[in-house]
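Asker: Okay, so TrEMBL annotates it like this:
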- 91-125: coiled coil (COILED)
- 147-166: region 'Disordered' (REGION)
- 418-443: transmembrane segment (TRANSMEM)
- 464-481: transmembrane segment (TRANSMEM)
- 543-565: transmembrane segment (TRANSMEM)
- 572-596: transmembrane segment (TRANSMEM)
- 633-650: transmembrane segment (TRANSMEM)
- 753-773: transmembrane segment (TRANSMEM)
Amino acid sequence: MGGGCCPPMDLFRSEPMQLVQLIVPIESAHLTVSYLGDLGLLQFKDLNADKSPFQRTYAAQIKKCGEMARKLRFFKEQILKAGLPLSVKSTELATKDVDDLETKLGELEAELIEMNANGEKLQRTYNELVEYKLVLQKAGEFFHSAQRSATSQQRDSDLNNDGEESIDTPLLEHEISADSKQVKLGFFTGLVPREKSMAFERILFRATRGNLFLKQAVLEEPVVDPVSGEKVEKNVFVVFYSGERAKVKILKICEAFGANRYPFHEESYKQAQLITEVTGRIAELKTTIDAGLSHKENLLQSIANQYEQWNSLVRKEKSVYHTLNMLSMDVTKKCLVGEAWSPVFAAKQIQEALQRAAFDSNSQVDAIFQVLNTKELPPTYFRTNKFNAAIQEIVDAYGVAKYQEANPAVLTIVTFPFLFAVMFGDWGHGICILFSALILISLEKKLSGQKLGDITEMAFGGRYVIMMMAIFSIYTGLIYNEFFSVPFELFGRSAYACRDLSCKDSTTVGLIKVGPTYPFGVDPVWHGSRSELPFLNSLKMKMSILIGVSQMNLGIIMSFFNALFFKNSINVWFQFIPQMIFLNSLFGYLSFLIVLKWVTGSKADLYHIMIYMFLSPTDELGENELFAGQKNVQIALVLLALVAVPWMLLPKPFLLKKQHEERHQGQTYIPLESSEDTLQVEASHGSHGHGDEFEFSEVFVHQLIHTIEFVLGSVSNTASYLRLWALSLAHSELSSVFYEKVLILAWGFHNPLIIVVGIIVFIFATVGVLLVMETLSAFLHALRLHWVEYQNKFYEGDGYKFHPYSFSAVAEEDE
């Protein structure tokens, strides 16, 4: 039971709603909407729907909030990039004023952007110096080796000559050397990506027609490219050329291939000086970069500690201005006028929030709260808890209940897990599912604040439904007497025994009753006998029909309560009564015969009785007669069923037409009905054209379709409930196959390895097929039976959900 301001929770009818008008002074409007967002019990109507977002009063403030949200997203990217956690601790906000927060965020963003730019420059310079050092080392090695080779060759040449001219000495050597000009060779050094090095060499060779000399050295470790910032495998190159044209071509090719060039000196002492200088600069830059990263990390950590609070404040601020934009400006430009739906019980809380906002904002004028009369259909609001919320979501997935329409979720809380269990009856499997559900429930506090995967989130949201399904599965499993398909004598000994040893494997004909009837569920002696399948088939098929007819009757009875609530006598007399007569004249009678046959132990053929009830109603029943006067009763039931069809079809459209004419003829003289009565009449008749226009042909066709749908649906819906029998049988047989053909078969080999393999296969088959696939299959079939066979008897489901303005909902949407 609820206490205080709120009435007891009532799921059967949605909360009574009212349309209220709020007139709020401009100076207290922001604080008022903020307090109402904390309350979360008002659904505002957009009174500026004809205006674009840019024409609304608070467009500039929303733009400002959007800019702050962009800065916060930038901070989040930087924090995650740095590998820092976002703090979820609730710390006191240092900045609660939005204008101060905007200034602070702007300063932080500017500082962070500057730090990033400086860091990138320093890192690029550092990477260039690292590359330069590698070039100096590798190219220096090449020049040193070349000089050593030249010196060695010169020494060998001098030793061979000994001042004498050999036969190989050119005749004109002195003349040529005296007259010719010395050729000056230029060179470039740098790095080129290894994957491009071969193409780079070929292009250089072709561009200069072979007038160059290229030397490459492979770097053992990848280096960070200064431009891209990524690690790349590179080669150091030295290219010698002659002439200005070759130089221009080589420069363009280096640029095209992304080859980084660096200056280099031929003299050894200058190379050594450069290496020392570059090494020193690298050490200095490394220290500077580390200091910058440390400073940046401290800044990001301070942002991360307050990120959630800032983000929450900006989200709330933006939602407040979005809501203020739904309010219209008063002609005096001093007040904002808003309209909103709210539950009736919330009126006192809303007025208290308005008074508190006026006081806290030092407003000289209090906000005005008044209830408006309207013919508009209110939204539907059911207050749910964590136990029944999942069932309500299942019902709402079919369609949201019309305002104060009977809510199917009340009975679905019980009927849904029960129908699931009828198809999934095995108390061993039920215990496994119950264990899984209890684990999810025990981890409720831990998992509720985390982001889960789609499947896990779905299972966690329906944890209480899964628990109910498991409990009912244990109950039906005890009735079926199946524990992983194995029967147990839990409630006493079997009522039957064998006359001789041979009857055990042949048939139940050889069994004799030696004790009292097994007290609860199926006698274990049936399992494993030849007549097990025919017996369980008959039992489950008839049980499915009984359950189906009962639930369909329940659906029609729910339509009666709807008609009573909305004071719609036409639906009582010309919908509820003929539907009850038609359904029970056929399938209610069949259910009665099933129970009677069980009670009397008769061998009457129910198929024969139902078929010839229509084909030859006057024929004698003979051995199929279950009670005296059965033939006359069947004739009367057939006549009642035939009468019920025109009873549903014809009177209602004419009576609706008559009501419409009376209402419009007398509207000038008869006082207006109260808004509540008008609302109820329109809510119940809106689909039949009870507006300013009434199309009789449209109403008649609608009623014709409804009648045909119900008559044909009575047959098809009853047949549809046979899925309870089919899936229950399939589950039982699959479980039996896994037990006998996997576990028992492996056990019979008396080989430890085969037994272990058999147990593993049995476990995986049971979990994968029976506990996952069969659970999903039974769930979907139970869902279909509720949506189609049960809810279509009374549930219109064409309402719309109550979506109050609430900061908690804003936070969930953001996540």
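Glycine is treated like the rest: Cβ placed from N, Cα and C.
Because TrEMBL annotations are produced automatically, they should be read as predictions rather than curated entries.
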Asker: Counting Cβ pairs under 8 Å that sit 6 or more residues apart, are there three or more between the transmembrane segment (464-481) and the transmembrane segment (543-565)?
Answerer: no
Asker: Do the transmembrane segment (633-650) and the transmembrane segment (753-773) share at least 3 Cβ pairs under 8 Å, sequence separation 6 or more?
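Answerer: Checked: the transmembrane segment (633-650) vs the transmembrane segment (753-773), no contact.
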Asker: Can you check how the pLDDT averages out over the coiled coil (91-125)?
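Answerer: Averaged over the coiled coil (91-125), the predicted model reaches a pLDDT of 86.
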Asker: Excluding the flanking five residues on each side, which residues at least 6 beyond the ends of the coiled coil (91-125) place their CB within less than 8 Å of a CB in that stretch?
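Answerer: For the coiled coil (91-125), the list is 64-65, 67-68, 71-72, 74-75, 78, 226-227, 229, 285, 288-289, 292-293, 295-296, 299-300, 303, 305-306, 309-310, 313-314, 317.
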